[in-house]
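Below is one structure, written out as structure tokens; comments come after it.
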Amino acid sequence: MSLQRFIQHALSEWMKGKGPQSDIVISSRVRIARNLSGLPFPMLATSSQSAEVVRRVEKALHQAKKHPVLGDAELIRMDDLNELQKRVLVEKHLISPQLAEESRHGAVILSKNEAVSIMINEEDHLRIQCLFPGFQPDDAWRLADQLDDWFEEHLSYAFNEECGFLTSCPTNVGTGIRASVMVHLPALAMTQQLNRLFPAITQVGLAVRGIYGEGSEALGNLYQVSNQVTLGQREDEIIDKLQGVVMQMIEHEQNARRRLRETSPIQLEDRIHRSYGILSHARFISTKEAMERLSDVRLGVDMGLLNNVSASVMNELMVMTQPGFLQQFAGQRLDPEERDIRRAVLIRERLSTEGNPEESGKTR
Amino acid sequence: MLCQECGKRPATLHYTKIINGEKTEFHLCEVCAQEKGEQMPGAEGGFSIHHLLSGLLNFDSHPQAGGQEQTGVKQETLRCPTCGLTYSQFSKIGRFGCSDCYQAFRERLGPLFRRVHGHTAHRGKVPQRTGGQLKIQREIERLKSELNQRVANEEFEEAARLRDRIRALREKLES
């Protein structure tokens, strides 16, 4: 498979698209947890009950032929995918590691542009997820809300008046909504301000995590900010609060970038160009180093200090240099050392096609 | 606040563990929490919110129950009739087995929800289709109590009007 074709095939809309505030906010996501009434939650469901969940959802989906989003969506069963294919879906943030590894009769409905992914038989029967580029949690919520309404017309949800939508885990009960925004905060990290920022965020009831969710390490200065409370607040209140807090984070990051430019412009440029140099010439690079260097280069692009690369290339590379993607691209399983070599090749090739003046003229 | 383990990174996980009535507070950063998670029994695959959660659930003892044993007995007998999950199992795994668990464990959930969410009642979205029926049911209940009041006051004309409205709503519910 050619690199170009693989990229086109491999990229989700959120990686290609330029959204609002995309110099700092990578993506906005909303997921809604729902369960069907009359069937135990996936943890206790028998194999035939789990199969029944998929059957009901698939039957509903058959009635969605004319739906603008679900009309051309595809239902993919985990059992039909190999390990590498599942891993790629995880790295593209379309499914969770749990669905890939542990689910029984797990499946996912993917819209054509991959902005919508609906997991079946993960922790809950349904996890409706909308992923948008840039800072637009309200748009992601609106779409998730519409899809939820559509499914509710065709399926009976587990709901009670007092507790709202019933979920497997008590941390999701009520609205079942988890809204999260992925932010790139290199300047705050460089100026050591995250230590002060994060405790403040947790104090207002939001959580900060690394990019692959719970317990994952923060690679490449990328952080996920999300709501914790799902019960007792309306969905729009939850979204508004998250939006307000992230808006302030954006402002802090902008200020930190401005200050860096004012106080240490040479050091900043040096760091960015050094990282660019390493990425375009390295023969061997780990995920961790690649993510750090990509973060620097991305900062350079976003601050206008580096003109021969586009921001979307940075988005692509941040996903494509992950282990699963590399192996998918290579078409075989690779040991860590081989991965580091392939990763370096991939980054070099991508940056060199990008550095071509004709190509970059188009992207800018 | 800095992490109590490494003293370098900010503490992002704060929780209290109670074992045999002995209270220990933890303030950890993600990195140390993960390391610690591996030392904790049953915390395979790291330190997740569910492990914290089961700590919260165990914490939930009834002061009026009096005595450890009685509380233990009560936990054991609290069982969801639909899926068979007991409250003590729920408190270990931090997950409900089915939607009926919410009803079965109802009396114990208030304090838990308050700790996790700060609230106990849903204020968000209501299902359009089945939620519509819910609204009608609530309206019927409200009209019925008003009807009883009118009858008691011998306001029969108004009572008859209410009876017709209830009948209309019931028909709507069945259609």
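Backbone N, Cα and C define each Cβ position, glycine as well.
The domain 'Phosphagen kinase C-terminal' feature in TrEMBL is assigned to A:24-256.
Reduced to three states, the DSSP call for A:Val30 (ATP binding site) is strand. Among the features that TrEMBL reports, ATP binding site is placed at A:27-31, A:His93, A:Arg127, A:178-182, A:209-214.
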Average model confidence [pLDDT] within the domain 'Phosphagen kinase C-terminal' (A:24-256): 92
Filtered binding-site residues - A:Ser27, A:Val30, A:Arg127, A:Ser180 - keeping only those with Cβ under 8 Å from chain B: none
Cβ neighbour count within 10 Å of A:Arg127 (ATP binding site): 24
In the chain carrying A:Ser180 (ATP binding site), residues 6 or more apart in sequence that have Cβ under 8 angstroms from it: A:Ser28, A:Arg29, A:Val30, A:Gln224, A:Val225, A:Ser226, A:Asn227, A:Leu242
Secondary structure at A:Ser180 (ATP binding site), reduced by DSSP to three states: strand
